[in-house]
Amino acid sequence: EGFSSVKCFLSLYRFQAYVYFASVFQAMSCGIHYLASVFMAVTPNFVCGFPGNVSGVLFHNSSASSIEDIWTLWTSTENYIVVQLENGEIWELDQCSRSKREVSLDLAYEYKGNKSVFPCSDGFLYDDTKWKSTVVTQWDLVCDREWLAKLIQPTFMLGVLIGAVIFGDIADRLGRQRVIWFTSAGQFVFGIAVAFTFDYYSFVIVRFLLAMVSSGYLVVAFVYVTEFVGIKARTWASMHVHAFFAMGIMVVALVGFLVRTWWVYQIFLSIATLPFVLCCWMLPETPFWLLSEERYEDAQKVIDTIARWNKVSTPCKVSELCSVQQDDLASGRTSDNDTSSTKKHNILDLFCNWQIARRTITVWLIWFTGSLGYYVFSLSSVSLGGNEYLNLFLIGAVELPCYIIACVAMDKLGRRNTLIPFLILSALICVLIMFIPQDFNILIILANMAGKFSIGVAFGLIYLYTAELYPTIVRSLAVGSGSMMCRVGSVVAPFCVYLRSVWIFMPLLLVGIVALVSGILTIMLPETLGKPLTNTLVEATEMGRNKKSCSEKTAPAHSGAALEKIEMFGQERVSIDK
């Protein structure tokens with residue numbers, strides 16, 4: 001059924017297909033920039049620099065003429081390298097300090113005599129066998145400056161959080177089209193600018209701006225495509241925006257494998273979606289936003305364009321849609337006096353009673369868990385052993401089938417009945433990984449792919465499930481607040497990954513705990529499959545109590561005839577992102 005709806009979408013709604021694929025293509029750039037730091041901010045093996053020219057190098061029982069020949073033998077950060085300079089001095093080089101031997105006799109690895117300890121005032125020597133240059137080696141973000149390197153991804157995610165809030169509001173005020181234009185151009189401009197930053201602080205600032213426009217594009221793209229795509233393919237179309245994001249992660253792995261200098265790597269990543277930047281100005285504004293702003297002539301032009309592309313001989317008229325909408329709204333007001341209230345709702349309405357408050361806490365935790373697990377599995381994939389580029393590629397590729405499974409399962413089994421097993425499964429996989437021996441690299445990678453798959457299903461499903469759990473009057477508040485919790489999870493995720501230095505399984509333990517708690521709490525949520533959307537908090541509270549009077553309630557069909565006509569062109573107003 002799902003595949004037939006997509007086929008119908010492609011064959012009957014050519015204009016929507018053009019708009020959809022053009023818009024989601026740029027979503028790849030969001031996936032690219034979100035995960036670019038996994039290779040750009042790599043910390044290679046390093047030791048303190050030395051004052052002079054070296055004549056001999058010793059590492060345990062191996063000797064060489066240069067330090068570059070020693071890196072292949074480096075196995076632990078507790079190791080040190082002994083070098084003899086041309087002036088006869090012998091130095092022991094650690095990672096964050098260096099020692100000069102007071103008695104310089106024969107070059108030997110072990111030394112029991114007196115040593116003078118000095119700081120790394122001559123810089124550091126880095127292993128460039130894998131990466132010729134990273135931002136860490138560029139600005140010596142090691143030792144007492146290591147914390148600056150660890151802030152690179154969290155500050156980017158903070159920009160993601162702020163950008164989602166700012167551009168989501170701007171899109172409602174100025175239109176989706178303008179924000180699409182600005183954020184697309186911004187991703188290209190700021191992406192290139194990152195490669196030419198002159199110090200760490202300018203690098204972080206430009207990356208922060210890049211995060212804002214990337215997040216802004218992704219948020220507005222969801223709204224944009226759902227306002228153009230018809231009901232027959234809405235679920236699949238909105239879900240697979242995530243799939244293009246995953247393809248961006250795969251591009252990061254490919255470019256990282258081919259380019260080993262960080263600023264060249266950044267340029268290649270930024271120009272990957274340049275074709276969209278050159279043609280995004282052709283995308284139209286959505287008719288629904290134009291109608292909401294009473295720009296009826298512009299809306300009619302877009303509808304006529306859709307009709308020509310879809311070969312519809314009798315396009316609907318805006319005047320007819322407006323008259324039908326006015327009639328429906330008038331009848332809605334006469335049938336229910338409560339809807340005449342103009343009360344403004346706020347975040348406290350999500351805690352208006354115990355039933356709704358418990359639902360809100362559970363939904364927020366699921367949003368947080370989905371984001372935390374998603375980025376923990378993605379960011380830690382390069383540390384699993386084996387080929388880090390292949391690991392990241394597979395972690396991205398496993399998302400593609402997971403969204404297909406999510407679409408099918410949520411329509412066949414239900415939203416809750418799909419969410420619960422996949423959340424609990426992801427928790428069990430986190431525990432399972434802890435018992436796999438560390439030398440079983442392939443098994444560890446497969447288990448992490450399974451974890452990413454299960455958390456990806458839950459993460460993709462929660463968008464729609466949240467919208468269905470809340471009534472119309474607070475639906476956008478619920479989705480928006482859930483999205484904020486999602487951003488909080490993405491900010492916390494990098495710090496969670498850094499806990500590997502405390503205990504290698506600490507990130508998995510934390511993800512497993514919150515996933516298990518989320519899965520258990522989800523049992524108390526009502527199933528929404530096949531149920532009408534609720535309009536009031538009373539209806540939402542009664543949802544799931546199996547009361548006949550509640551189950552028979554249906555939502556008022558505002559603008560029903562109008563939607564019927566718009567469906568000719570594959571359009572439907574979607575409240576989830578409003």
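Cβ atoms are placed via backbone N, Cα and C, with glycine included.
TrEMBL annotations:
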DOMAIN    72-530  domain 'Major facilitator superfamily (MFS) profile'
TRANSMEM  17-36  transmembrane segment
TRANSMEM  179-198  transmembrane segment
TRANSMEM  204-225  transmembrane segment
TRANSMEM  237-257  transmembrane segment
TRANSMEM  263-283  transmembrane segment
TRANSMEM  361-377  transmembrane segment
TRANSMEM  389-410  transmembrane segment
TRANSMEM  417-436  transmembrane segment
TRANSMEM  442-465  transmembrane segment
TRANSMEM  477-497  transmembrane segment
TRANSMEM  503-525  transmembrane segment
When pLDDT is averaged across the domain 'Major facilitator superfamily (MFS) profile' (72-530), the result is 85
Residues from the same chain, set at least six apart from the ends of the transmembrane segment (477-497), whose C-beta lies under 8 A from its own: 150, 153-154, 157-158, 160-161, 164-165, 168, 215, 219, 345-347, 349-350, 360, 363-365, 367-372, 374-376, 379-380, 462-463, 466-467, 469-470, 506-507, 510-511, 576-577
Contact call for the transmembrane segment (204-225) against the transmembrane segment (17-36), three or more Cβ pairs under 8 Å: yes
Are there at least 3 C-beta pairs under 8 angstroms linking the transmembrane segment (503-525) and the transmembrane segment (417-436), leaving out pairs fewer than 6 apart in sequence? yes
With Cβ distances under 8 Å as the criterion, find the stretch in 237-257, 263-283, 389-410 that has the most pairs with the transmembrane segment (442-465). 389-410
If we skip the immediate neighbours and take only residues 6+ beyond the ends of the transmembrane segment (17-36), which ones have a Cβ under 8 Å from one of its Cβ atoms? 9-10, 156, 160, 180, 184, 187, 191, 210-211, 214-215, 217-218, 221, 224-225, 228-229, 237, 240-241, 244-249, 251-252, 265-266, 269-270, 272-273, 275-277, 279-280, 283-284, 309, 378-379, 392, 396
Cβ pairs under 8 Å between the transmembrane segment (237-257) and the transmembrane segment (503-525), at least three: no
Any residues 6+ beyond the ends of the transmembrane segment (361-377) with a Cβ under 8 Å from its own? 157, 395, 419, 423, 426, 448, 451-452, 455-456, 458-459, 462, 465-466, 469, 478, 481-483, 485-490, 492-494, 496-497, 507-508, 510-511, 514-515, 517-518, 521-522, 524-525
How about long-range neighbours of the transmembrane segment (389-410): same chain, 6 or more residues beyond its ends, C-beta under 8 Å? 2, 31, 35, 38, 235-236, 239-240, 242-243, 245-250, 252-254, 256-257, 377-378, 381-382, 418, 445, 448-449, 452-454, 456-457, 460-461, 464-465, 529
Residues of the same chain, at least six outside the transmembrane segment (503-525), with any C-beta under 8 angstroms of its C-beta? 358-359, 361-363, 365-366, 368-369, 372-373, 376-377, 380, 416, 419-421, 423-424, 426-428, 430-431, 433-434, 438, 451, 455, 458, 469, 496-497, 544
